[in-house]
Amino acid sequence: MTDRLSGPDVAAAVLAEALPYIKRFHGKTIVVKYGGNAMTDEHLKQCFARDVVLLSLVGMSVVVVHGGGPQIEHLLARVGKTGEFIQGMRVTDAETMEVVEMVLGGQVNKDVVNLINQAGGRAVGLTGKDGGLIRAKKLLLDDREHPGQQIDVGQVGDITQIDPSVIAHLQNGAFIPVIAPVGVGPAGETYNINADVVAGKIAEVLKAEKLVLLTNTPGVLDDKGELLTGITPRQIDDMIADGTLSGGMLPKISSALDAARNGVKSVHIIDGRVEHALLLEILTDHGVGTMIKSR
Ligand SMILES: Nc1ncnc2c1ncn2[C@@H]1O[C@H](COP(=O)(O)OP(=O)(O)O)[C@@H](O)[C@H]1O
Ligand SMILES: CC(=O)N[C@@H](CCC(=O)OP(=O)(O)O)C(=O)O
């Protein structure tokens, strides 16, 4: 007997279900943030690359922004350093900046480019320095415990300008841009920027149809650990105030909300540990994870 969950009728139904989504997103820009925590398993990495290629081949203009937090941690440990985070931002001294640039602009960027190319795509890797893509100044965090005071986290960048022309050239040539979150300051200094922040800003500037943030949780979880399928700005404020949202989720959620408020039509935080999570989110009725609402 044919397995009802995997028989040809099911396969046909799934393919047919994708058609309205393919039509809706054809020619549109989809920004995908690939978190360092979602890129730990080789098989999942290959699934991700295949999803990106499939979406490109059906006519979507996919732009990948990647992170690499755990990969940076790994190299820092090898040089005898331990990472420190404040409000989800890595405290970045000069030596840490060298490691961050090596890992993000080198190892991780080329790994993602290679995976996509192996899957049949044409990816080109960039950091924010290439083509003056990401300009930044030094970020100063507001000290929540001492209102009015600021915290210096070293060479962490606050984005001042995105020049998307290099991305446009790549999109026109049917290349898939793969962007590492490193920015450049007015004097040519290098800045480490949280990858969620870069993805959100790039999505805004490109007027993306969708921003999808792939991470290592099912989405945004409430104080009981239950998945929230949708979240409003008010819920976000409450959850930050009571500590339900913390660590790496802080820059993620605020970038997601900024993007939703500034014209990106839909913004989702999804579980990158689920095989083909990207296809499920974009091409099926079964949206996965949390959708961030602008109001
Ligand atoms: N309310 C929450 N729901 C889900 N994750 C949360 C929440 N609050 C904090 N987090 C943390 O945020 C992490 C995701 O952010 P991060 O580690 O920066 O991932 P990535 O490398 O994918 O950007 C989760 O693994 C989880 O530990
Ligand atoms: C300033 C800052 O925190 N930069 C991040 C950049 C990488 C990143 O964001 O990686 P994930 O997406 O994997 O977390 C860092 O140094 O870890």
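Using N, Cα and C of the backbone, Cβ positions are placed for all residues, glycine too.
Because TrEMBL annotations are produced automatically, they should be read as predictions rather than curated entries.
Among the candidates Asn172, Asn192, Asn216, the residue that TrEMBL names alongside Gly68, Gly69, Arg90 for the substrate site is Asn192.
Compute the center of the Cβ atoms of Gly68, Gly69, Arg90, Asn192, which mark the site for substrate; besides them, the chain residues with Cβ within 8 Å of that center are Gly36, Gly67, Ile72, Gly83, Val100, Val103, Leu104, Pro181, Asn194, Ala195. Within the set of recorded positions Lys33, Gly68, Gly69, Gly68, Gly69 have a CB atom less than 6 Å from some atom of ligand 2.
Distance noted between the C-alpha atoms of Lys252 (site 'Transition state stabilizer') and Gly68 (substrate binding site) is 14 Å. Recorded residues Arg90 (substrate binding site) and Lys33 (site 'Transition state stabilizer') have their alpha carbons 18 Å apart, per Cα-Cα distance. Those residues noted as binding substrate (Gly68, Gly69, Arg90, Asn192) have their most widely separated CA atoms at a distance of 12 Å.
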